[in-house]
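Here's what Swiss-Prot has on this protein:
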DOMAIN    103-303  domain 'ATP-grasp'
BINDING   129-186  ATP binding site
BINDING   D254, E270  Mg(2+) 1 binding site
BINDING   E270, N272  Mg(2+) 2 binding site
Amino acid sequence: MSDKKHVVVLMGGWSSEREISLLSGRHVGKALEEAGYRVTLLDMDRDIAFKLREAKPDVVFNALHGTPGEDGSIQGLMDLMAIRYTHSGLTASAIAIDKELTKKILTPENIPMPQGCLVERESLYTKDPLPRPYVLKPVNEGSSVGVAIIDESFNDGQPIRKDQIDPWKNFKTLLAEPFIKGRELTVAVMGDKALAVTELCPNNGFYDYKAKYTDGMTTHICPAKIPAEIAEKAMALSLKAHQLLGCRGPSRSDFRWDDEAGLDGLFLLEVNTQPGMTPLSLVPEQAKQLGIDYVALCRMIVEEALAEDTLQETKMAGQGG
């Protein structure tokens with residue numbers, strides 16, 4: 001019998017981010033094989049508990065994106081099954097995927113975030129929830145799925161029509177936020193360290209799903225060419241958010257920075273507990289800036305999960321125990 005550690009790479013699933021998850025998972029699996037692990041790739045389905053029991057992994061590498069791999073569901077299952085796994089636990093995952101709940105925890109801790117409102121989809125047919133321009137997005141999705149900027153040019157300033165609702169047809173409740181002009185920044189955190197700041201410059205002016213995952217659609221500038229005090233603040237806020245939410249392993253914090261407002265123009269948009277691991281992904285890119293290649297990064301994530309007591313859910317910072 002092999003003495004290699006057995007890593008199950010969990011990927012796919014049925015969320016809107018399935019294809020990206022499959023791509024992440026395949027790259028991770030190949031890297032972990034190069035790192036010397038025995039690797040099994042598992043496509044998430046309704047029989048996943050049975051498949052995990054049969055596989056008998058030493059640890060699961062969670063390469064899922066969206067529900068149920070990013071919202072605490074699969075984390076809770078693996079907790080019940082006493083299976084070690086990478087990335088954040090149940091509580092941090094469930095909070096971070098809910099953008100409005102995340103605000104309620106981070107804003108009182110002096111982490112600036114755009115303050116919007118929850119809106120029922122049907123109400124959009126009669127009036128705008130906020131003055132234009134504003135951003136409309138699902139409450140519980142990642143990868144910029146369903147995110148749109150509603151400005152004066154949208155429908156000639158008139159309310160959204162029913163035939164324009166397709167991006168949000170599967171979401172009864174949406175989040176509306178004031179649009180923050182300026183630049184798109186992102187920071188990866190690994191463990192207790194913020195890695196770097198990347199500026200994202202989409203060719204079409206908006207960092208949507210297509211811009212994120214289509215080669216050549218977005219220019220990544222890493223490290224970002226921004227004032228040192230902005231980079232320091234973004235990295236400090238990212239690490240603080242990671243710790244307050246109780247994240248472990250890698251996370252990624254996304255920001256908008258109004259460069260005309262200086263330090264006061266930096267706003268955290270969301271914390272992603274399952275950042276992508278594709279060739280275009282930001283965590284591997286920032287790790288590379290620090291001299292950590294892709295194989296080494298995947299090994300670090302696995303070894304952290306094996307070393308920590310991930311069999312008991314990570315508690316949120318500030319709680320006892």
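The backbone N, Cα and C atoms fix where each Cβ goes, and this holds for glycine too.
Computed from a predicted structure; not experimentally measured.
All features noted in Swiss-Prot, drawn onto the structure.
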residue : record                : DSSP class
P129    : ATP binding site      : coil
K137    : ATP binding site      : strand
S153    : ATP binding site      : coil
R161    : ATP binding site      : coil
K169    : ATP binding site      : coil
E177    : ATP binding site      : strand
L185    : ATP binding site      : strand
D254    : Mg(2+) 1 binding site : strand
E270    : Mg(2+) 1 binding site : strand
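Model confidence over the domain 'ATP-grasp' (103-303) is summarised by a mean pLDDT of 90. The distance from the Cα of E270 (Mg(2+) 1 binding site) to the Cα of L185 (ATP binding site) comes to 11 Å.
When the binding-site residues S153, N272 are compared by the number of other C-beta atoms lying within 10 angstroms of their own C-beta, S153 comes out lowest.
In terms of local Cβ density within 10 Å, K137 ranks first among the binding-site residues K137, R161, K169.
E177 (ATP binding site) sits 18 Å from N272 (Mg(2+) 2 binding site), taking the Cα positions as reference. In sequence order, D254 are the binding-site residues from K137, S153, K169, D254 with a C-alpha within 10 Å of the C-alpha of N272 (Mg(2+) 2 binding site).
Cβ contacts within 10 Å of P129 (ATP binding site), excluding its own Cβ and spanning all protein chains shown: 18. The number of other CB atoms found within 10 A of the CB of E177 (ATP binding site), across every protein chain shown, is 23.
Rounded to a whole number, the C-alpha distance linking L185 (ATP binding site) with D254 (Mg(2+) 1 binding site) is 6 angstrom. The C-beta environment of D254 (Mg(2+) 1 binding site), restricted to residues of the same chain at least 6 apart in sequence and closer than 8 Å, consists of E184, L185, T186, L268, L269, E270, N272.
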